[in-house]
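**Student:** Can you read through this structure? Questions will come right after.
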């Protein structure tokens, strides 16, 4: 039952994302039909830099709904159940998570928090407890199987002893607008360390695929130019909203 590191893979995104967003934006302001424009876009008749510049200009005005037409799908492993419980609170997304009912957890892997990993005594206690949990799971499963509950029926009850540290795998899909909100919340230093690390990895892949949308994405302060979290919670990366204005 070794500990496991987070891994994020970008599986797919909507084809021709730049041109699709451009066509959607243009439809809002253009008398013509986006279906006809699309043929020109696919043929390369409209310069991609021109498309990117137009998208950036309209986004700066606050009009963002057309970016919802483009979605990104990620595969993630090496994350804890504690993380996925936070992740699925972002409800405008689609999730497919590894089942603890259909997947045997007898040799489950786990996530080791860095603060615990750095402390020798804490790490020893943590790893000993993970071993105890694994032993309890296997014992319970064996007892349940002897009682006539086989396979998934044994797993679904034995899993009740598994910890939030148990490693999980998940596939998730979000559109661009949801991703921008997700990054604002989860790339912030106030976010829990594990989901922040995952969000940073997702953002890196989004920037590589669609820089016009994601080059300035990140915590709220990146977009705002100031920290909205207040004096108590600021990390100091950006000045507070009212710094220098004589306001509390």
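The backbone N, Cα and C atoms fix where each Cβ goes, and this holds for glycine too.
No curator has checked TrEMBL annotations; they are predicted automatically.
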**Student:** For the dUMP site, TrEMBL lists 86, 87, 88, 89, 97, 98, 99, 100, 101, 159; sort out which one of 40, 48, 186, 190 goes with them.
**Tutor:** 186
**Student:** Give me the largest Cα to Cα distance among 86, 87, 88, 89, 97, 98, 99, 100, 101, 159, 186, the residues the record lists as binding dUMP, in Å as a whole number.
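**Tutor:** The widest Cα-Cα gap among those binding residues is 29 Å.
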**Student:** Taking the Cβ of residue 176 (FAD binding site) as the centre, count every other Cβ atom within 10 Å, in any protein chain shown.
**Tutor:** 24
**Student:** Where does residue 97 (FAD binding site) sit in DSSP terms: helix, strand, or coil?
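**Tutor:** Strand, per DSSP.
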**Student:** What span in Å does the FAD site cover, taken as the longest CA to CA distance among 65, 89, 90, 91, 97, 175, 176, 177, 181?
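**Tutor:** Between the outermost Cα atoms of 65, 89, 90, 91, 97, 175, 176, 177, 181, the distance is 28 Å.
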